[in-house]
Amino acid sequence: MDMLRNRPVKGSLDHDPQLSADGTNTPAASDGSDQRSDVIEKTAQLSEPIADSIRRFFEIRKLDGPDGTGVVFENISVEGSGTGAQAAPTISSAARSAFGVLSPLQHRLAGQFSRPILSGFSGTIDAGEMLLVIGKPGSGCTTFLKTLSYMWDEYKDVHGDLTIGGHPIQESMVKRPQDIVFCAESDDHFPTLTVAETLRFAIRARCGPEASATEVDMMVAQLAKLVGLSQVMNTKVGDAYIRGVSGGERRRVSLAEALATCARLICLDNPTHGLDSSTALEFIETMREWTSQSRCVTAMSVYQASDAIMPYFDKVLVINSGRQVFYGRIGDAKAYFERLGFECLPTTTLSDFLNSMSADPEVRRVQDGKQHLVPRTSEEFEAVFHASTFYQDLQRSLETAKVEARTNPRPLVKARAFSLPLHHQIWYCAYRQFRIVTSDYSLWAVEPATIIVQSLVLGTLFRDQKRATQSLFIFASALFYSVLVPALQSMAEFGNGFAQRPLILKQKRYRICRPIAYALGLVTTDVVWKIAAICYNIPLYFLTGFQRTAGNFFTWFCIVYLEHLALSMFFRSVAIFSPNMHRAVLPVGIFFNMYVLYTGLYIPAPQMQVWLGWLRYLNPLYYAFESVMVNEFRDLSYQCSPSDLVPSGLGYTDMANQVCAVLGSRSGEESLSGMSYLEAQYGFGRSHLWRNVGINAAFFVFFALCSGIGMERLKTPAGRLATVFYKGRPSIRNSQADSESGAVHDDVPPDVSRQLSGDQHHLNANSERDKNHTLAWTGLCLDIETKDGTRRLLDNLNGWVKSGQLKALMGVSGAGKTTLLNTLAGRSSIGTLTGTLALNGQLLPKFFRSRMGYVQQQDIHLPTQSVREALQMTARLRRDESIPLEEKNAYVEKVIEWLDMEDIAEALVGVPGAGLNLEQRKRVSIGVEMASKPEILFLDEPTSGLDGQSAFSIVRLLRRLADSGQAIVCTIHQPAAELVEQFDELYLLSRGGKLVYDGPLGTHCDKAIEYFEQHSRACGQGENPAEYFLDAIGAGSRKEVQADWVGLWQQSQQSKDRERAEKALVPAEGQAPLAPARRSLYAVPFHVQLWVVVQRTWLYYWREPDYAMSKLWMSVGNALLNSLTYLQSPNTQRGAYNRVFSAFMSLIVGPPLGLQVQPRFVTLRDIFVHREREGFTYHWLAFVFAGIIVELPYTFLTSLVYWLLWYFPVGYFRTAPRAGYSFLMYELFAVFATSLAQMCASLMPNIEAAFAANGFFFMFCNTFAGTLSPKPVTPSGWRWYYKVSPLFYLGEGVTVDVLQDLPLRCAESEVSIFQPPNGTTCGQYAANFLQQATGFLLNTDSLSDCQYCRYRDGQSYYQQYGYDFANRYPNIGIFIGFIAFNFTMVLVMTYLTKIRR
């Protein structure tokens, strides 16, 4: 550790504490006078431009000479919810819980368990000091930082005292909450904004309205310079799906946001995650200077901290399983633990040594003869620390701080929690949202295009309707669609805000903007954007032939606009008050169907049942529909169409003896008043027009406020922070071990498996390897086309890796490490690749990818698979068919044993926080690839995000695999010296994908060091070789390259020797590629692939009961809504209308069904595309067919529930042929809805676009179902579409089935009355008419007031829709054909959008 002496700090790292009489450690005398000088010495080592940049930033920010305040915490204890290990939920367990069949009390009490996370933490952090928090994942580091940041609402209970500047944290958070900031490990940003826009928003929000635009821009420039982002300011931030800056640069954006707050207490959770060692060191240097100049307090956890980083910290806190085992000067920590009997090897970094005190006992090195004297458990460590003089000094410092706070109290001046007033926040949020909308192609181009298409189709379908009674229903349908399309758009948008929740909460913590400001900013943007959205519907208005006056048009526009706003706010509020998207789908689906049903068209107000009619008063869609109908009909009269005249035909010419058989008409009148029709048919009133506009405006305001309030009350869900789910019940051993650990991590559950210890398992190389393999590459170049021309990512690279070799692939940020790894593994799909790839001297064929293992940086797994199931699936699908299944499973058990995963073999992978921890997930990722028994194993950043001990555990595992004969290539970012020495060879890249070294590392990296020392400075004693290599070639944003390392390597003797050796490893020109061992690209036949993937998909559905229960309850809710609305419909004229629309309403559940189906399909697709596809695990058809096959049983079951609750209560035929036909058609419809949803999901790039597309296609299908737009009155240009409209065949079949042979009668209000000529009976006068009429006379012998009932039976009623009973059975086959077409398109669209390259 001599290298560390070059950086003196308070409490020098080589300081040796004295041993007190009681056997505890006593620190050497220190008067504390060197505190300021130590800080000066540290900052003096920084480059002057950085110090100047910070100083300049503070000057612009007007923070000269801030009043520094310290932090004091005493006896802090934290409890969180969680049960450690428990059985995974399934559909059966959810059913038992829902219906209370078995132990209902158990489920109610399941969430009441609490576990200690932190116990009795105490300490002080003075102003200008930096605290390093060390502990393995799961020990409580994140919890401690969140507790300092007063994020207490995430936990069940927090005890103890925490003060800032002598004031209780509660008081500080009330008066100055902006002084505390917590930067999480995740990077949450708006991906379509640029880096400059992201930082400008944060700085503008924290500086307040006083800062000018010039000052804000200057601060943005200075901050970008500090964190090394100056070159990417105009690049999108991006995310996993949107291309933007690199992962390391995105991390620096997050850190820059945290610094922009200029808080007095800055807590950073693993801030160097994703940064290479040089960039990480630069950031810590920046934080040292920032902390010293601002006199703030900085606390951070850092995993895999190098020795170069450690001196910049003043104090260190070591946590073991939620207990404080050391707190003091960082220079005293090493000696303290050495005095306890532990040993720190020369090659072990101080960070890793301290971190081992948090790990399991097996990974700690103990001095000879002290094995039984050292503490082992966290309780023992805590007891030893409490008995030491370090703890006594800590207690004295606490008392001193208390006395100082009492004697010299510092006034706590209350300041605004947010620098910007609320109205300014709303304005900036609205502007930001406008930028997001305009930068997202799908929002400003795709969505308007779909709306315009909808409007044009509907407008031409209802084009130029005449002012006649025959067009009354057509006008009503067109007006209904004008309010329905915005409703569909609003429903499709409900899920857009879930992804932004972590970002909104982060900006609330940073006091950048209030969540309510974000919500109202969205509202402000909507107010503008929805105007444009409604404008796209204008073709519908004018093409249909609505009243073309300015007053009527703008009234219509205002009505639809306010309805769109109100519904958008409503569905957004539902989403905000729902914990996640899956839970939100249920209320959204039920409310959407209720709104559509109670619009007033499907069931007019006079026909509504008394027990549900009140629902219309809660329905913005009802108010909008009534208003647009009144707006259109109020001043018009409609000529009675010949088909509506009773009687009509030859000999019936005197209107005095005729009547218009339409509700609202009067005997002897040739025209019908529009308002009379509305009042009689729908119960609408003229005076309701502007009243309804006002009500919808009130709905908009109310729901907007609800969304704002709901957003303001958003909290990070505490959840069950430490739950690992097992198949069945977890073993007692696992539960006990987990309970004893007592530690919980916010993001990662505690380690329930044992750590890798030494060489616990021996890997037999010869027994498990078929042969030795050598992968060689020569002249590799990769070029891509950009807007600025051709860009080379890889530049003439040569190299090889052999069986038994562990090769480290390193380089500066952006050097192309992952690109090279993808290229070697055959996974690169971009640009033009040239050069040669060979295995054992033969060219690589395409099939060889299935025999290579590739462990991605992201651990992508299906959450519901157990560890053993995940490995067994890979073994079954990627190992040759000729190998017996028993042998494959036996090999999986060996892999599980090698990776020390026996204890978690039956655990579900889960998600972070409710599943395996980060290291366990990484082991599973490695195990999945090892189960395929690959010839070459590639790993991309396997230690990223891990603590030092976990990283070493993973690398040591790789070392053992290499010793067993496995060839391994591994990229690595921040390797400690101990990690680097585990590798055999180093492959080092510089910027531009150029090679600067390829060769052996040697013992303690001496061979590689010797090469670099020939052309650069000498490697310091104890210096990390990896950092030395990267520093030499100019890694980091502030380094300048001092030599042409690419040229030096090409001219070196080592390079020439490697080139000569490579010639024997590459094929001669014209040599044939390696002969495939099998004909197929896949190891097993397709039917085996399909069976295995279906099994996995079935378990995915079975073990996530939320989906099945949501699907079931949506069916129950919508069926009851439909059946209770049309309960026992009578055999009247309106009863026939109700029977038709009840059947039609059963088809409206399609879009909500899509909301449930599509996320499942997308999840399965993404797992295949991002992990399983590249390894030829199984054919893409297998996952598509599996998604279809497994979905169908759930579809059949829930549609059966819907049909039973709907069909019989409405009063349809109960004969087996009729009921059976209806049941069959509804089951087919449910399958059709599933197929359409999956087709849209396969077509669209993301789930939001899939939601919108599903609504779009369903609107088309429903439009041409023949009910709202009857075929006989459809313009001839559109009649052809009924032949290709699937729901027309369904609607025809169901309608004729429920109406055929149904005798109809007339209620009193439905009778049309006309007067016969004097002296003529009604029967005599209407005899000729009745021969061709669809209705009948009620009083044929009367001489006056002839009563005519328009329809005599069901078939006479459905003829108006162009339906025919003879088509009933042929429609079944046709509809099945449409279903087959949809599923075929699922295959085609999946291939075109995700498979074809």
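The backbone N, Cα and C atoms fix where each Cβ goes, and this holds for glycine too.
According to Swiss-Prot, of the residues ASN75, ASN1382, ASN75 is the one noted as N-linked glycosylation site.
By number of Cβ pairs under 8 Å, the transmembrane segment (1135-1155) is matched best by 1223-1243 from the list 472-492, 551-571, 1181-1201, 1223-1243, 1372-1392. Outside the transmembrane segment (584-604), and at least 6 residues removed from its termini, the chain residues within Cβ reach (under 8 Å) are 476-477, 480, 483-484, 487, 491, 494-495, 498, 567, 570-571, 574-575, 578, 612, 615-616, 619-622, 625-626, 629, 681-684, 1110, 1113-1114, 1117-1118, 1121-1122, 1125-1126, 1134, 1138, 1141, 1144-1145, 1148-1149, 1151-1153, 1155-1156, 1268. Computed over the domain 'ABC transporter 1' (102-346), the whole-number mean pLDDT of the model equals 87. Taking CA atoms as the reference points, VAL812 (ATP binding site) and ASN772 (N-linked glycosylation site) are 32 Å apart. For the transmembrane segment (1223-1243), the partner stretch with the most Cβ pairs below 8 Å, chosen from 472-492, 551-571, 692-712, 1181-1201, 1249-1269, is 1181-1201. When the recorded positions ASN75, ASN772, SER813, THR818, ASN1318 are compared by the number of other CB atoms within 10 angstroms of each CB, ASN1318 has the fewest. Closest to THR818 (ATP binding site) by Cα-Cα distance, out of the glycosylation sites ASN75, ASN772, ASN1318, is ASN772.
Shown in sequence order, THR819, LEU989, ARG991, GLY993 are the same-chain residues outside GLY811, VAL812, SER813, GLY814, ALA815, GLY816, LYS817, THR818 whose Cβ sits within 8 Å of the Cβ centre of the ATP site.
Residues 1086, 1089-1090, 1093-1094, 1096-1098, 1100-1101, 1107-1108, 1111-1112, 1114-1116, 1119, 1157, 1160-1161, 1164-1165, 1168, 1172, 1223, 1226-1227, 1229-1231, 1234-1235, 1238, 1242, 1383, 1386-1387, 1390 of the same chain lie 6+ residues outside the transmembrane segment (1181-1201) yet bring a C-beta within less than 8 angstroms of a C-beta in it. GLY816 (ATP binding site) counts 24 other C-beta atoms within 10 Å of its own C-beta, drawing on all protein chains shown. If you draw a 10 Å sphere around the CB of GLY811 (ATP binding site), it holds 26 other CB atoms from the protein chains shown.
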